[in-house]
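As given in TrEMBL:
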ACT_SITE  94  active site
ACT_SITE  281  active site
DISULFID  107-113  disulfide bond
DISULFID  272-276  disulfide bond
DOMAIN    76-497  domain 'Peptidase A1'
DOMAIN    306-346  domain 'Saposin B-type'
DOMAIN    370-411  domain 'Saposin B-type'
SIGNAL    1-20  signal peptide
């Protein structure tokens, strides 16, 4: 599943009232890294796992509250109802997808369906038959079924005649072990399978919200009782400091915007010189970015990686040539093809994980397949070019590139860190709309346990998306925990402010 900011001022800088506004309160849970690998895959694979305890807390508020649960500081989910009388389901509120789906009572051959609540159309007085078949593909599995229509209740807001998918087949173990029943997408209709109108669109069209915005506050305090809040139709001024900075949505589908730069410490990585796109995604627990940059992050924070033989061979055998071509002014995108290691103008490799970001029917493939040597060469060019910009000495630059070859993220994604080194790690920053949004080590490192059982996991994972969609960053809950986020549907923009 997959998702911003501006020079404009929010017209709805308000203290929300109960009319046309729904609050979703989240409960914080302690991080359990014994299953961090599982949780990190949860993103689009559906493994939004939860623990056994159900947390419910009512915040002092005039707004309507839907109780949500939080697992691993990662996935935030809550309860909705479908039909008359209401049938309750637990769903992920995901800004990176746009469909609503729940298991169907007619799901007979998938184990996952028997482990979750199932919608029974015969028990609802407001059910309307649709019957159109649908199939949705995620990174680690797929679901299929057919569309139906019924009333959907989120808090005290009731959306009438909502089209949603009744799932009759859940083809992955991911859905078996997931504690959630379904997913409620908050993305744009452009990525809605079957062109089904999203729940949020109907909230707006049916006049059920005061303002055409919704906002997230995620509490990353491991000791905090309240995990966070999702507000439909407004924002809560108690949960951010100062004013929001806004940037426009650049492409409808996901909540996508332009990223100006990414810095490690005070130094630019140089990766976004040609432009980078980013998505803000409540359905992603970590931060994902191009392998080239995540490798640089691993080196800076001392995260474990894997040694790339191809990378070392490129730096050793072609490092001098790459340096010379860059010094001569050859465009970075043409260096590897001029050396003969790449056969096309493509600048990023296609990834087997691209479906985590782009549904298969929307994905655009690169013009040519790339070899591991081509990919390694492209990474080396970025690293060396960046050091050239910082006036690095040739021998030291090539030595640095060699070290980076040992920090390439593993295919599994997670990288462990020495918990005692947090005080020595640099801040990392995203430049968005000309403003710098920084994350301290305590914010981008997931930590749990104490003493000999203490574990620290990097909040960064590598994910390569080929042009023209990529390079692409996904700013998940690690970022959203630090910055209160406004999704302004009416003005097609996103806003960030420091969380409070």
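The backbone N, Cα and C atoms fix where each Cβ goes, glycine too.
Predicted automatically and left uncurated, TrEMBL annotations should be read as such.
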Residue from 94, 107, 113 whose C-alpha is spatially nearest that of residue 276 (disulfide bond), among the recorded positions:
94
Compare the C-alpha of residue 281 (active site) with the C-alpha of each of the recorded positions 94, 113, 272, and give the closest one.
94
I need the nearest neighbour of residue 94 (active site) among the disulfide-bonded residues 107, 113, 272, using C-alpha distances.
113
In sequence order, which residues at least six apart in the same chain have a CB under 8 Å from the CB of residue 113 (disulfide bond)?
103, 104, 107, 167, 168, 170
DSSP-wise, what's the residue breakdown of the domain 'Saposin B-type' (306-346) into helix, strand and coil?
27 helix, 1 strand, 13 coil
Tell me, how many other CB atoms lie within 10 A of the CB of residue 281 (active site), whichever protein chain they belong to?
30
Report the DSSP secondary-structure composition of the domain 'Saposin B-type' (370-411) as helix, strand and coil residue counts.
29 helix, 1 strand, 12 coil
For residue 272 (disulfide bond), the number of other Cβ atoms found within 10 Å of its own Cβ:
22
Predicted model, mean pLDDT over the domain 'Peptidase A1' (76-497):
87
